[in-house]
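Quick one: the structure is below, and I'll ask about it shortly.
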Amino acid sequence: MSPADGLAARPIELKVLDARLGREFPLPAPATAASAGVDLRAMVDAPLVLEPGASVLIPSGIAVHIGDPALCALVLPRSGLGHKHGIVLGNLVGLIDADYQGPLMISCWNRSDAAFTIAPGERIAQLVIVPIVRAVFRVVDEFAPSERGEGGFGSSGRH
Ligand SMILES: O=c1ccn([C@H]2C[C@H](O)[C@@H](COP(=O)(O)OP(=O)(O)OP(=O)(O)O)O2)c(=O)[nH]1
Ligand SMILES: [Mg+2]
């Protein structure tokens with residue numbers, strides 16, 4: 001039994017905006033049975049040199065309409081690119097709303113001190129669908145006491 005066997009697959013509508021996807025490059029799909037995300041590809045026309053410190057908005061070649069307001073999607077860096085090459089996201093994390101139907105874009109930021117060339121179709125980030133809680137804020141004057149109280153920002157020390 002694979003670890004993901006207990007998970008019901010959830011259909012999410014996807015539009016292919018770049019005809020190379022599904023032909024020259026695979027459509028987004030989990031790499032393993034229990035992968036949390038699917039990799040997103042940089043659907044640029046030609047190799048793109050990202051200079052140190054530069055950021056650029058790259059089309060993923062797809063649009064997704066999540067539809068269910070109890071879900072959203074997060075665009076996250078790939079750990080290898082982020083750690084080894086400093087290729088992360090210009091917005092740090094991308095949030096895709098359930099009602100967004102436009103092109104899924106990836107803001108790529110080269111936080112390293114070396115230029116990085118992004119090849120057409122390269123897997124550049126990943127997309128994770130997550131459940132959300134719809135908060136309705138209820139204004140109060142005082143909170144009931146909690147164990148932490150107002151302590152934060154390192155209040156518990158370092159070790
Ligand atoms: O990395 C990202 C982040 C966002 N989006 C799209 C989907 C999201 O639903 C929409 C709006 O994102 P967000 O609310 O984070 O951006 P904003 O600057 O507040 O734009 P808006 O005024 O349109 O809400 O942009 C992307 O394609 N990629
Ligand atoms: Mg917004």
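Glycine is no exception: its Cβ is also placed from the backbone N, Cα and C atoms.
Per TrEMBL, the features are:
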- 24-157: domain 'dUTPase-like' (DOMAIN)
- Arg78, Ser79, Gly80, Asn91, Leu95, Ile96, Asp97: substrate binding site (BINDING)
Per DSSP, Gly80 (substrate binding site) is which: helix, strand or coil?
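The three-state answer is helix.
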Looking only at the domain 'dUTPase-like' (24-157), how are its residues distributed among DSSP helix, strand and coil?
7 helix, 48 strand, 79 coil
Can you tell me which of these binding-site residues sit near ligand 1, meaning the Cβ is under 6 Å from at least one of its atoms: Arg78, Ser79, Gly80, Ile96, Asp97?
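If the test is a Cβ under 6 Å from any atom of ligand 1, the answer is Ile96, Asp97.
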What residue among the binding-site residues Ser79, Asn91 has the most other CB atoms lying within 10 A of its CB?
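In terms of Cβ crowding, the pick is Asn91.
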Counting across all protein chains present, how many other Cβ atoms fall within 10 Å of the Cβ of Ile96 (substrate binding site)?
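Ile96 (substrate binding site): 21 neighbouring Cβ atoms within 10 Å.
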Let me check the 10 A CB neighbour count of Gly80 (substrate binding site). How many other CB atoms are there?
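For Gly80 (substrate binding site), the count of other Cβ atoms within 10 Å is 10.
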Sort out for me which one of Arg78, Leu95, Asp97 has the most neighbouring CB atoms within 10 A, since those are the binding-site residues we care about.
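Counting every other Cβ within 10 Å of each candidate, the maximum falls on Arg78.
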So how far apart do the substrate binders Arg78, Ser79, Gly80, Asn91, Leu95, Ile96, Asp97 get, largest Cα to Cα in Å?
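Binding-site diameter by Cα atoms for substrate: 26 Å.
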